[in-house]
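Features as listed in TrEMBL:
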DOMAIN    30-341  domain 'Aminotransferase class I/classII large'
MOD_RES   K220  N6-(pyridoxal phosphate)lysine
Amino acid sequence: MSRVALRKALADLPPYVPGARAPVGAAAYKLSSNENPFPPLPSVVAAIADAAVDVNRYPDMYATELGEAIAASLGVTPDSIVTGCGSVAALGHVLTAVCEAGDEVVLPWRSFEAYPIAVSLAGAEGVRVPVGADGRLDLEAMAEAVTPRTKVVLVCTPNNPTGPAVHADELARFLAAVPSDVLVVLDEAYVEFVRDERAADGLAVFAEHPNVVLLRTFSKAYGLAGLRVGYAVARPRLAAGIRAASTPFGVSHVAQLAALASLRARDELLRRVDSVVAERARLLTALRAQGWTVPDSQANFVWLPLGEQASSFAERCARAGVLVRPFAGDGVRVSVGEPEATDLFLEVSSEVTRR
Ligand SMILES: Cc1ncc(COP(=O)(O)O)c(C=O)c1O
């Protein structure tokens, strides 16, 4: 038994519960991790294969070519981009770069479950602001939660797991109310799936506000969840700090080349996103027709506020061959996947008492 003390922050750390996987040898649709149901494009597989022969070497530590390609696609300068081992790592690096022990980080709740973990590991204190019954972030309450101790506010848009995107007018009011030395992180992991015309335009907001950082990822729309590539977009001085706080060589050579190939195939990949968005509409419409009250979704998942029935509903789905993500006592998040998976899921949802 080791007598080495672990950090106190670990004692209270909520666990990150990964989406359920089918047991080895069993078949099930995996709608539990907001993944892209499409396999990688042949051009991306070819880039991965080409990259494989170089894995005896370290990758380009600064992912220079990828950073330049991302910057060009967004219309920002390359020194604004910091890549990481998934945007979840980029978030950790952002917090490590700016938080001192005891600083406060305001965050919506329920939201992405990695937030409280990342905040605690950065030595900061999370201040949770409840999301409304409609699944929308309450940006007014979040602005009111800002104190002189607040260093960062996390804004998840669209919000995982509830689905709605933050609107441009509410974000503008929020940014006007928050002091300019508070960092506002817009987590746009699902931005490519947004179709709400009122949704905030993260890049435009970034251009106007030097205290805004964007987080984006290749895991969702680009279908590279297994390779772990995400990035932060920040003003160059902040970006340099985030880079300094990053894990060296955090994005593998294989991941860098796959992300570059995905950017080159962007139009084709975004057509796949269109089909996920269409499937999302079919799922939402069918659920509402069954009598369910579900919030709007601008991402690749929908939220069922099942309360105490969440876990039993997820078990029922699993028995039917569909894995979903329950949040015990709160609700169930269902990723938008294959049409066959939607059909199977809708069979289960039709048999359960609606709320
Ligand atoms: C809101 C949000 N942000 C960030 C991430 C992290 O994505 P990744 O680390 O794969 O880039 C996720 C993943 O589910 C997410 O839902």
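Going from the start of the chain as shown, residues are counted 1 onward.
Here the Cβ of each residue, glycine as well, is placed from N, Cα and C on the backbone.
Keep in mind the model is a prediction, meaning the values are calculated, not measured.
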Take the domain 'Aminotransferase class I/classII large' (30-341) and average the pLDDT across it for me.
97
Note: in the chain of K220 (N6-(pyridoxal phosphate)lysine), residues six or more apart in sequence with C-beta under 8 angstroms of its C-beta are N34, E35, N36, A189, Y190, E192, F193, N300
